[in-house]
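Novice: What Swiss-Prot records for this protein is below:
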BINDING   22, 23, 24, 38, 61, 62, 63, 64, 120, 153  substrate binding site
BINDING   204, 326, 352, 353, 354, 355  ATP binding site
């Protein structure tokens, strides 16, 4: 991808540098940030711009305020946390557009940081509105996209805004995301193994169709496995099944086998009599799931099967948990897979909020080669799609 990066720009000194970041971080009921990985991930880009003598203007969204100004979606907690991480004052603008914001930007000195208020307080952001994008650019001189996680969205601060800058480039986080993706999917060291989990096949269908043509092995866990198992003729009790996708699931499975791709599905599970942390549970083979019970995690024999499938892997990509890991009774399968992936000798790439969360909860994140900050963006790249945010970076490349 012929993308220009921030360290390839001739000079940032004294320039107003607009950086699109993704500070869409989880908050508790008191508006305290509970996890700040996404803020930490862009520190190298922000620090590089500051060290180069730039005036740094940051823009982000938080939550889904749907075009309305709602205090609970203010960027204030992010400004506070960033200030602590940078060890310097980060001013929070009262808005993201308008005269007052413009005055604040014009008054900035090199080495100062201003965080704009939530860009999604305006409908124009999600509508990719050119007028809103122009107002948001605030006459800044250089645009940097370091928000991989929203680069699959054609939104004003990601796509339309680039038309109003003479210089457009990407940050270091974007560079990492693209580099690791290319290592895994375009120039992989084989065998290449994909692990897919999560509740539904429908959300991963296009990913699967793309992966069948690229990988050596596919491992399917989580709720989505039971649509495949039912399609193959198993009685899966009350387990989650997308009936309308049975035929497509069977076609995908058959296509993979025809292409010589090894396709792994659970052989046993942790079944429960209801969807509840207090449910009665038991380990059962797939053939013996009781009629009124549901499978909510992979079982120990499946963990062994999946772990053995990873033994000779040289590249592993993983998206989606193996069970309802938020409930302790159904978390063992996911955590066992975290351990198997973390302790493999392969290049390991994990993407998606739930999988990321599981890796952190297991305390194994340091052993994973790369944890992507993107959920939807990561999946769309796996699908082989061109992301709007990356496309405009390529068009404005070197």
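Just so it is clear, glycine is given a Cβ too, placed from its N, Cα and C backbone atoms.
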Novice: Within 10 Å of its Cβ, which one of these binding-site residues (63, 352, 353) has the largest number of other Cβ atoms?
Specialist: 352
Novice: For the C-alpha pair, I'd like the distance in angstrom between residue 24 (substrate binding site) and residue 204 (ATP binding site), rounded off.
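Specialist: Distance (Cα to Cα, whole Å): 23 Å.
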Novice: For the binding-site residues 22, 326, 354, which one has the sparsest Cβ surroundings, going by other Cβ atoms within 10 Å?
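Specialist: Lowest Cβ count within 10 Å among the binding-site residues (22, 326, 354) is 326.
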Novice: So of 24, 355, which of the binding-site residues has the fewest other Cβ atoms within 10 Å around its own Cβ?
Specialist: 24
Novice: Do you know offhand how many angstrom separate residue 354 (ATP binding site) and residue 22 (substrate binding site) by C-alpha?
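Specialist: For residue 354 (ATP binding site) versus residue 22 (substrate binding site), the Cα atoms are 17 Å apart.
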Novice: Report the nearest neighbour of residue 326 (ATP binding site) in space among the binding-site residues 22, 61, 63, 120, comparing Cα positions.
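Specialist: Checking each of 22, 61, 63, 120 against residue 326 (ATP binding site), the shortest Cα distance is to 63.
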Novice: Can you give the largest Cα to Cα distance in Å, as a whole number, for the residues 22, 23, 24, 38, 61, 62, 63, 64, 120, 153 that bind substrate in the record?
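Specialist: Overall maximum Cα spacing for these binding residues reaches 18 Å.
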Novice: Please list residues from the chain of residue 61 (substrate binding site) whose Cβ is under 8 angstroms from its Cβ, counting only those at least six apart in sequence.
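Specialist: Listed in sequence order: 22, 24, 118, 119, 120, 125, 150, 157.
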Novice: Could you check the binding-site residues 120, 204 and say which one's CB has the fewest neighbouring CB atoms inside 10 Å?
Specialist: 204
Novice: Fill in the CA-CA distance, residue 352 (ATP binding site) to residue 63 (substrate binding site), as an integer in Å.
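Specialist: That separation, Cα to Cα, works out to 17 Å.
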Novice: Three states by DSSP: which one describes residue 204 (ATP binding site)?
Specialist: coil
